[in-house]
Amino acid sequence: MRPLLFEKYEGLGNDFVVVEGTSSMLSTDDVMRICDRHRGIGADGVLFTGVSAGRPFMSVINADGSTAEMCGNGLRCVALHLVRRGLVDGRTFDVDTDAGPHAVRVLEVAAPGRVEVSMRAPSLAPRDVPARFDAPLIDGELRADGVVLHGTAVSMGNPHLVTFDAPDAARLRLGPMLQDDRRFPEKVNVGFATMKGRGAMQLHVYERGSGWTQACGTGACAAAVAAVETGRASRGAPIEVVLPGGPLEIVVGEAGERVRMTGPARHVFSGRLTLPL
Ligand SMILES: N[C@H](CCC[C@H](N)C(=O)O)C(=O)O
């Protein structure tokens with residue numbers, strides 16, 4: 001039996017258990033039980049954070065125990081946590097993630113919990129997503145379960161497939177199906193977007209390893225990038241991405257530049273549990 005101190009956070013209803021330490025602290029079973037909304041705390045994932053050798057870090061484990069390279073809503077929650085706990089100086093700092101050498105940059109942690117971050121630059125290269133296509137998938141035709149739709153594959157450090165033309169009636173069926181599509185060897189987060197003019201969209205995301213969530217930060221970034229790459233939105237202009245849990249403001253920079261995401265993060269409660277649950 002071992003105690004575990006944790007903090008519960010949420011960003012637009014995408015909720016996380018935040019633990020100071022590394023992901024080696026918990027087994028896959030621990031994470032799954034912690035995230036279980038009936039037998040545990042309940043969360044879309046567990047975030048591990050702290051400062052190592054003077055560098056803030058974040059690691060992400062999904063509710064099903066799978067590892068994710070990046071988490072946008074989680075990053076805002078971790079940024080708020082690091083500031084609340086006095087583990088970083090000031091309001092602007094870099095955070096190392098498992099998405100490779102380019103740290104993401106927290107630009108501002110403003111009260112009450114409005115956080116602006118500079119996400120790493122997106123990539124549409126199939127090898128980066130990763131995806132089994134010969135060329136970048138930009139409004140490329142896909143067939144799934146007898147439905148013909150068009151999708152754009154984007155890496156935000158984690159893999160995303162965004163479609164603007166999936167029939168609403170098919171969305172609930174297509175989300176889980178496309179998440180496991182064999183063309184995405186590490187599975188994929190699936191975003192179903194509907195443009196509302198050039199500066200706004202509605203978005204529902206079926207997340208890899210967590211299912212339908214109230215919000216997906218990297219999904220909002222990927223959908224904004226896909227909208228720009230397919231001519232549905234403009235670079236440099238704010239795009240309001242409205243998710244079931246609320247809106248995020250995304251600004252897509254020039255090609256190869258970072259994507260800015262602004263939205264809320266909220267500390268819900270502190271807790272202590274005894275493992276194994
Ligand atoms: N399920 C995602 C990680 C969490 C992403 C999402 N919660 C966000 O805010 O970006 C994946 O496996 O890539």
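Including glycine, each Cβ sits where the backbone N, Cα and C put it.
Bear in mind that TrEMBL entries carry predicted annotations, made automatically and left uncurated.
Taken verbatim from TrEMBL:
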- Asn14, Asn62, Gly72, Asn73, Asn158, Asn189, Glu207, Arg208, Gly217, Thr218: substrate binding site (BINDING)
- Cys71: active site, proton donor (ACT_SITE)
- Cys71: active site (ACT_SITE)
- Cys216: active site, proton acceptor (ACT_SITE)
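Structure coloured by features recorded in TrEMBL.
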| residue | record | DSSP class |
| --- | --- | --- |
| Asn14 | substrate binding site | strand |
| Cys71 | active site, proton donor | coil |
| Asn158 | substrate binding site | coil |
| Glu207 | substrate binding site | strand |
| Cys216 | active site, proton acceptor | coil |
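Rounded to a whole value, the Cα-Cα separation of Gly217 (substrate binding site) and the residue listed as 'active site, proton donor' is 7 Å.
Listed in sequence order, the binding-site residues near the residue listed as 'active site, proton acceptor' (C-alpha within 10 Å of its C-alpha) are Asn14, Glu207, out of Asn14, Asn158, Glu207. Binding residues for substrate (Asn14, Asn62, Gly72, Asn73, Asn158, Asn189, Glu207, Arg208, Gly217, Thr218) extend across at most 17 Å, taking the greatest CA-CA distance.
Residues Asn14, Asn62, Gly72, Asn73, Asn158, Asn189, Glu207, Arg208, Gly217, Thr218 make up the record's substrate site, and a Cβ search at 8 Å around their centroid adds Ala68, Met70, Cys71, Gly74, Val205, Ser210, Thr213, Cys216, Gly219 from the same chain. Spacing of Glu207 (substrate binding site) relative to Cys71 (active site, proton donor) is 11 Å (Cα to Cα, whole number).
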